[in-house]
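The structure appears right after this line, and notes come after that.
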């Protein structure tokens, strides 16, 4: 630098700044353990010295901003600063302090952000995190579809006047939506980013769940007409009005009867959306897990996912039983017992809860990549390269296997062209073993579908318990028994190492035993209640038969009763009446327990003791008249008459046994299905079985079971000319029809699994006979070594290891004897036997 230039740096001085910075960095190179573990401390510790030391006579001071430019430079011969200039040491201190703080904050914030992003990336690319999301997704879907909906279906029927066949249609729409998109999702989703497809499916499920709850918010509020103090005679018999007749129900424009099909359409659309959204869960989710984890961990991950799916229905039944114990409108609670048929439970809140939970679960699904990177263990650093190679090898092995499978499938005619699809379908369906086991599995699946859908309704109507308790009993009995049965069936197959033939025999035995156990369900039940005007007459005239059902009689024909609201009362004669008006009751009052008491009931004139009819008198009722004490007319209390039936516990025990034995056959059916086709045909065979199950079991079963159940109804809801839900069933007919149809399906399944077992046996026996014809046994040693020979079974040493093995069983036996008893005699036998034994394989060759 020229002396006349003062403090202005020249071109050569600007080049000295990087050298000074490098010198500062060289003095800061040594790192400590703390600086390595905490990079922020390392960057903050490397600072140039602000004061000259004794060892540095001509120090260079510099202030470098964030852009790397030098603000102040002092050469080896510094000039004295001007009086107006600030102190050099003070300026340098402020500059370095500001730069150090900015560097510290910027570096620390950047490192913290990078660390957070790295942690988030590691979490969202971990197969275990995907497994957790997949488990919750499967759990919520199974909870809502297989458990919660079945537990609240009877409540929805009463609220929106649905028949059992219509509610069965709602259940079937889930599988309809599933069947519509399964080919599209499986084909395009398998080649795309599968977690994204799962997330979109979760969105559809959430929207469908919210849509299912929409009728509660758009329908008129549910109202119950109760007697109050302002109108004490409302709903009672107006005996003074001789011209009063039965009044038809009023039909306002916004009534539920006029909008009946609107609500049904909303339910159907919601179920179809849920079915479409559920398709990727069981088609893309398992394949994504299997393709992105090690082969030895794949089965464990899939087992955890399916266990969560199995727990969903149980929790769904329990959740439904809990929620429908509350009134449907929390803002307007009523004081009604759950046994009152007018009580409607809170059915809609569970769908909103499932929708919210599904929204929370699917957000991480959007972030998972198309392919997860291999996961390595951090603790074992020495084996890092080995682990990486093993993971890559596993993934390469899976891809190679898939490519080889595609080549084999293409060579057999599968997957080449869409036009080959009919030929492939005919090839699969012409396999009698596969066809028989698929039809048997379809019949069993139809029974399971009928049980899951309508068993809460059966328990509620058969034993007269609230819908909430029926749902809880179903969740406690059905789901655990099915889970234990499936696990036991799989354990038996693994423990005994059963093949296709033995697995078919196990399934046949389980089907036969469960068919016999069905007989217990017919005899364990209750009798129908005596409902005045429906299954028992009002008066005791000369004829005690019921030629037709009529709610009116001589005792209530002039009361002007309304018949659109079912408000049962129990008369002192042990008969249940439709409402207090039809019982002929004139006065009412509240008891201390909250139960309403009705007096002066003209239809309850005498106490009738009903005895069971004798054989041949099923249509007649034997009535014993006993005069009522204290008053001429009878009295009644609100609610149905209690039934003396104590068979609920035995029924639940027998139901557990039947479900358990039926579930034991499911793993056997799957094994027979996989073993009955070639390895290359298995994916297409499972797809064909999927279509058979949906079209023959899952879709039609709820509809025709619901239609058959409707035939047992003895009291229908009538609202605005629309026949709504069933108020009372003939529970005896319900029991025989329901379990009779299920037993018929069980018998059909037994026949088909027997045919599947016989077809396997026929094929194996035919193959064995063909081998015997092609390779006849000509020598004594071969006959002794044959597995069917008695000597071979008693002495395994003589059995052969193969058809063309050089060392036969007889030769091994001679060598064993020579080693055990050494001497000239065994050696002579061995040497003389060798030439003959060497020729034995030639005898197995087919004759020319």
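Backbone N, Cα and C define each Cβ position, glycine as well.
What Swiss-Prot records for 24-34 is compositional bias 'Basic and acidic residues'.
Annotated disulfide bond per Swiss-Prot: 555-585 (among others), in sequence order. The DSSP secondary structure for residue 555 (disulfide bond) is coil.
Around residue 581 (disulfide bond), the C-beta neighbours below 8 angstroms that are at least 6 residues distant in the chain are 235, 236, 237, 556, 559, 560, 561, 562. Annotated disulfide bond per Swiss-Prot: 561-581 (among others), in sequence order.
According to Swiss-Prot, the disulfide bond annotation covers 570-601 (among others).
The domain 'Kazal-like' feature in Swiss-Prot is assigned to 549-603.
Annotation source Swiss-Prot lists region 'Disordered' at 1-91 (among others).
Under the heading region 'Disordered', Swiss-Prot lists 821-848 (among others).
In the predicted model, the topological domain 'Cytoplasmic' (1-128) shows an average pLDDT of 49. Swiss-Prot lists 1-128 (among others) with the feature topological domain 'Cytoplasmic', giving sequence analysis as the kind of evidence.
Taken from Swiss-Prot, the feature topological domain 'Extracellular' applies to 150-168 (among others).
The feature topological domain 'Cytoplasmic' is assigned by Swiss-Prot to 190-195 (among others).
If you look up Swiss-Prot, you'll see 221-260 (among others) marked as topological domain 'Extracellular', on the strength of sequence analysis.
In terms of DSSP secondary structure, the topological domain 'Cytoplasmic' (291-309) contains 17 helix, 0 strand, 2 coil. If you look up Swiss-Prot, you'll see 291-309 (among others) marked as topological domain 'Cytoplasmic', on the strength of sequence analysis.
Under the heading topological domain 'Extracellular', Swiss-Prot lists 330-344 (among others). When DSSP labels each residue, the topological domain 'Extracellular' (330-344) comes out as 0 helix, 0 strand, 15 coil, counted as helix, strand and coil in that order.
Under the heading topological domain 'Cytoplasmic', Swiss-Prot lists 370-427 (among others).
Annotation source Swiss-Prot lists topological domain 'Extracellular' at 450-469 (among others), citing sequence analysis. A Cβ distance under 8 Å defines the sequence-distant neighbours of the topological domain 'Extracellular' (450-469), meaning residues of its chain 6+ beyond its ends; these are 146, 150-155, 164, 168, 171, 313, 317, 320-322, 324-325, 338-339, 345, 478, 525-526, 529, 640, 642-643, 645, 647-648, 651, 655, 659, 701-702, 705-706, 709, 728-729, 731, 734-735, 738, 741-742, 745.
The topological domain 'Cytoplasmic' feature in Swiss-Prot is assigned to 494-497 (among others); the stated evidence is sequence analysis.
For the pair residue 601 (disulfide bond) and residue 585 (disulfide bond), the C-alpha distance works out to 4 angstrom. Cα separation, residue 585 (disulfide bond) to residue 570 (disulfide bond), rounded: 12 Å. Long-range Cβ contacts of the transmembrane segment (498-521) within its own chain (Cβ-Cβ under 8 Å, at least 6 residues beyond either end) map to 433, 437, 440, 444, 489, 492, 651, 654-655, 657-658, 661-662, 664-665, 667-669, 671-672, 675-676, 735, 739, 742-743, 746-747, 749-750, 753-754, 756-757, 760-761, 764. The transmembrane segment (743-760) shares the most Cβ pairs under 8 Å with 652-674, out of the stretches 129-149, 261-290, 310-329, 470-493, 652-674.
By number of Cβ pairs under 8 Å, the transmembrane segment (261-290) is matched best by 196-220 from the list 129-149, 196-220, 310-329, 470-493. In the structure as shown, the Cβ atom of residue 561 (disulfide bond) sits within 10 Å of 24 other Cβ atoms. Looking at which of 169-189, 310-329, 345-369, 470-493 has the most CB pairs under 8 Å to the transmembrane segment (196-220), the answer is the stretch 345-369.
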